[in-house]
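Participant: Please see the structure below; I have some questions.
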Amino acid sequence: MDVHDLFRRLGAGAKFDTRRFSADAARFQIGKRKYDFDSSEVLQGLDFFGNKKSVPGVCGASQTHQKPQNGEKKEESLTERKREQSKKKRKTMTSEIASQEEGATIQWMSSVEAKIEDKKVQRESKLTSGKLENLRKEKINFLRNKHKIHVQGTDLPDPIATFQQLDQEYKINSRLLQNILDAGFQMPTPIQMQAIPVMLHGRELLASAPTGSGKTLAFSIPILMQLKQPANKGFRALIISPTRELASQIHRELIKISEGTGFRIHMIHKAAVAAKKFGPKSSKKFDILVTTPNRLIYLLKQDPPGIDLASVEWLVVDESDKLFEDGKTGFRDQLASIFLACTSHKVRRAMFSATFAYDVEQWCKLNLDNVISVSIGARNSAVETVEQELLFVGSETGKLLAVRELVKKGFNPPVLVFVQSIERAKELFHELIYEGINVDVIHAERTQQQRDNTVHSFRAGKIWVLICTALLARGIDFKGVNLVINYDFPTSSVEYIHRIGRTGRAGNKGKAITFFTEDDKPLLRSVANVIQQAGCPVPEYIKGFQKLLSKQKKKMIKKPLERESISTTPKCFLEKAKDKQKKVTGQNSKKKVALEDKS
């Protein structure tokens with residue numbers, strides 16, 4: 001129903017007095033309707049029933065008077081039809097309004113939901129990033145705990161689990177990585193897992209790991225990676241070791257893994273030759289130097305210095321606890337001079353050893369910049385792959401009997417025998433040479449050529465038993481040593497750890513037998529603790545011995561026990577042999593003088 005129909009219904013039966021209100025009627029044009037078109041056309045155009053049939057006839061006044069009922073019916077049907085149309089319009093309008101409102105509400109709801117979803121995504125991303133970080137930390141902690149890696153410091157670099165990570169994270173030279181894998185190093189050892197990333201981040205390092213755990217490779221790989229390529233700047237890396245044998249071993253390992261990279265790695269053999277080769281007038285076509293402290297100090301003290309260390313970026317001290325020792329057997333003064341000679345602002349230092357020395361640790365904390373401390377397993381502990389045994393022999397003569405008993409029972413060579421002095425090494429050699437076994441001795445009084453030949457023969461298996469002093473126990477890797485005999489009791493637990501560390505290397509099994517007498521009682525407790533920590537049996541009565549004070553320990557290290565002679569030859573024969581030796585040397589010296597005079 002439209003507006004006109006509504007007013008028509010309301011005004012049904014009401015009449016407007018046109019006579020009385022003629023002016024208003026004329027103004028609003030109230031009167032009879034005038035149609036511009038014929039009513040028949042309208043009626044013919046109407047189709048109430050949807051059958052497209054026109055209504056015949058014309059609806060006039062006469063017809064309405066004649067058939068009022070039909071007209072009323074048509075009018076009612078027309079009004080009903082209009083009502084239905086108006087209802088449909090209302091429904092469509094309300095449906096459109098409802099749909100618009102619904103669309104608006106849906107749009108509003110969707111925007112709200114989108115905002116809620118964004119917040120949820122942000123929360124989830126925060127949660128996932130936090131979870132990922134926690135998972136990463138858990139993996140790192142699991143790896144460190146699994147391999148007994150103990151780290152102290154700030155901003156600790158993550159350890160590596162494989163050598164391939166060096167390519168993924170640090171872009172290692174492909175040739176260097178291939179050399180490492182070709183050398184048989186498929187997986188990094190615990191010390192390599194943590195020490196390599198620390199040095200690659202340029203952090204100064206104090207590292208301690210059991211003997212035979214791959215410390216040489218732990219500092220060699222990051223040095224070669226950080227130097228990147230050869231450069232004519234002089235030595236950029238310096239590696240110090242206490243013995244020439246150990247320096248030679250490090251030099252050999254560096255050459256092996258750097259093959260094809262072009263690095264020039266040198267070792268000082270003769271100081272005079274080195275002064276010409278590495279002096280101020282040299283071309284500086286060298287990169288890495290491996291040496292002992294004394295030879296380097298000799299070059300530094302020359303005027304002008306026979307070597308320039310101003311370009312050194314990495315200073316590595318292997319067996320640092322030995323080099324930091326004071327006194328005749330230590331190298332503390334020499335090491336201080338070397339540190340001062342490395343004047344570059346880029347220089348970083350790394351200390352490696354099988355044992356943690358308190359002096360070294362304190363010095364590193366005071367002098368190294370933001371140092372990181374890395375240790376594998378329990379500090380100052382023996383290798384777990386070594387079967388350790390304490391054997392009471394009563395007296396000095398009992399030691400020689402025990403060695404001969406081992407020879408009779410049979411042993412699996414190669415064997416290392418440690419004594420406390422050069423004189424005792426000579427005496428034991430003369431006693432065992434008649435036992436029918438291939439035995440040799442190595443000590444500081446032998447020439448360098450003799451020492452090199454002895455080490456080479458021992459590695460080749462030509463020598464079954466090698467007698468040596470404690471200094472040789474530092475770092476040298478004799479592959480396949482099955483037995484270590486501590487003929488003379490070590491002066492400290494640290495020395496004991498280094499001695500027995502010559503066997504059981506790289507995960508292989510080994511055995512260590514330590515002789516002790518009544519005189520060794522004060523030193524027993526500290527060594528017994530090391531043996532017990534490694535899971536080996538120790539007699540109960542030894543555990544009850546009193547501990548030595550630190551002052552007493554230092555005295556015993558500086559002044560070892562005076563022991564009886566090993567030699568079983570009567571003194572009279574020994575004195576005659578000495579006199580004969582003096583006469584021979586005197587005659588030889590006279591002949592030399594005579595030859596010089598003639599010339």
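The backbone N, Cα and C atoms fix where each Cβ goes, and this holds for glycine too.
According to Swiss-Prot, the protein carries these features:
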type: BINDING; residues: A209, P210, T211, G212, S213, G214, K215, T216; note: ATP binding site
type: MOD_RES; residues: K15; note: N6-acetyllysine
type: REGION; residues: 59-100; note: region 'Disordered'
type: REGION; residues: 577-599; note: region 'Disordered'
type: MOTIF; residues: 165-193; note: motif 'Q motif'
type: MOTIF; residues: 318-321; note: motif 'DEAD box'
Participant: Could you tell me which of these binding-site residues, P210, G212, has the greatest number of Cβ atoms within 10 Å of its own Cβ?
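Facilitator: Result for the most crowded candidate: P210.
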Participant: Translate the DSSP assignment of K215 (ATP binding site) into the three-state scheme.
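Facilitator: Reduced to three states, the DSSP call for K215 (ATP binding site) is helix.
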Participant: Specify the count of other C-beta atoms within 10 Å of the C-beta of T216 (ATP binding site).
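Facilitator: Excluding its own Cβ, T216 (ATP binding site) sees 23 Cβ atoms within 10 Å.
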Participant: Given a 10 Å Cβ-Cβ cut-off, pick out the one of the binding-site residues T211, S213 that has the most other Cβ atoms nearby.
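Facilitator: Comparing the binding-site residues T211, S213, the most crowded Cβ belongs to T211.
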Participant: Which entry in the list of binding-site residues, A209, G214, K215, has its Cβ near the fewest other Cβ atoms, using 10 Å as the limit?
Facilitator: G214
Participant: With the ATP site defined by A209, P210, T211, G212, S213, G214, K215, T216, which remaining residues of that chain have Cβ atoms positioned within 8 Å of the Cβ centroid?
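Facilitator: Close Cβ neighbours, site residues excluded: T189, I191, A218, A354, R505.
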Participant: Give the mean pLDDT for the motif 'Q motif' (165-193) on the 0 to 100 scale.
Facilitator: 94
